[in-house]
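Straight from TrEMBL, the features:
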ACT_SITE  Asp158  active site, proton acceptor
BINDING   Gln33, Glu108, Asp140, Gly141, Pro165  S-methyl-5'-thioadenosine binding site
BINDING   His64, Asp88, Asp158, Cys159, Thr160, Asp161  spermidine binding site
DOMAIN    5-238  domain 'PABS'
Amino acid sequence: MSEKPTWNETLHNGFGQYFSVDQPLYRDKTDHQDLVIFENAAFGRIMALDGVVQTTERDEFIYHEMMAHVPILAHGAAKSVLIIGGGDGGMLREVTRHPGVESITMVEIDAGVVSFCQQYLPNHSAGAYADPRFTLVIDDGVNFVTQTQQKFDVIISDCTDPIGPGESLFTSEFYAGCKNALHPGGIFVAQNGVCFLQQDEAVTSHRKLSHYFSDVSFYQAAVPTYYGGIMTFAWASDNPALRELDLPTLTSRFAAAGLRCRYYNPAIHLGSFALPQYLLDALAPAAE
Ligand code: SAM
């Protein structure tokens, strides 16, 4: 029997993960990236951009629940949410689950990712694009946040890694634009890689964000296909109390939102802000 083809991730040099391609579904160069979507027996449908796994049907809920519900429930009264990137639609799906959110804007650089993920990963967006609160903007996220007059309560940078088009979403210009686009009391979160393997990225983001926000840290979750340990999510606001809400407060907000999740719960929310000592040491001022 002929060996199944495999797809090899190329995020790191010298080591990585592979998946058998049990059923190729789509492969093409969009205007910005090399997009591939294929079936894999272990993880369901997998989407990768420029050789890096972006999302899989089996474990996407962990990442999308943590990046949507932690900032929105910590804020407590978020009405306007901005998603940067998010082309697979999973983040939008989770944000639409909050009845208190009145407007959701998504700024995605690559229209091809939106359309092909709607077609081949329908369970990610699960109809969320039809939500009347939703507006899609096709643009580079840094252009949007540096030019918009709109203000948001939560900004979620659901971006690729800092290579290719994603690079601009890890710049001081982008972070300054996000700070300017937030209402007072607003929260910024961003995917910031697996800190054991991409520690420099976390240290750099922390340093840059600290120029614009008075409280900068990370929270974390282990997402199997973002392999190599915990994925770190950058967290920035001007109120440290937003990171230190007590369990009863989070529990009542979670109940009021009427959410049923597969990974997120208030205890996981609180615990996610506990960080490994090696990261804390790397982030310590003397270490920079
Ligand atoms: N969950 C993934 C992760 O953790 O890496 C992110 C998934 S989502 C598919 C990443 C999205 O960011 C892609 O749709 C990509 O097109 C978009 N993107 C990359 N650079 C961007 C930019 N400068 N502005 C807006 N969107 C961007």
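FYI, residue positions are counted from 1 along the chain as it appears here.
Glycine is treated like the rest: Cβ placed from N, Cα and C.
TrEMBL does not curate its annotations; it predicts them automatically.
The DSSP secondary structure for Pro165 (S-methyl-5'-thioadenosine binding site) is helix. Taking His64, Glu108, Asp158 as the candidate recorded positions, the subset whose CB lies under 6 angstroms from any atom of ligand 1 consists of Glu108, Asp158. Rounded to the nearest whole angstrom, the C-alpha distance between His64 (spermidine binding site) and Asp158 (active site, proton acceptor) is 9. Rounded to a whole number, the distance between the Cα atoms of Glu108 (S-methyl-5'-thioadenosine binding site) and Cys159 (spermidine binding site) is 9 Å. Counting only the Cα atoms, the space from Asp161 (spermidine binding site) to Gly141 (S-methyl-5'-thioadenosine binding site) is about 14 angstrom. Classification of the residue listed as 'active site, proton acceptor' by DSSP places it within a strand.
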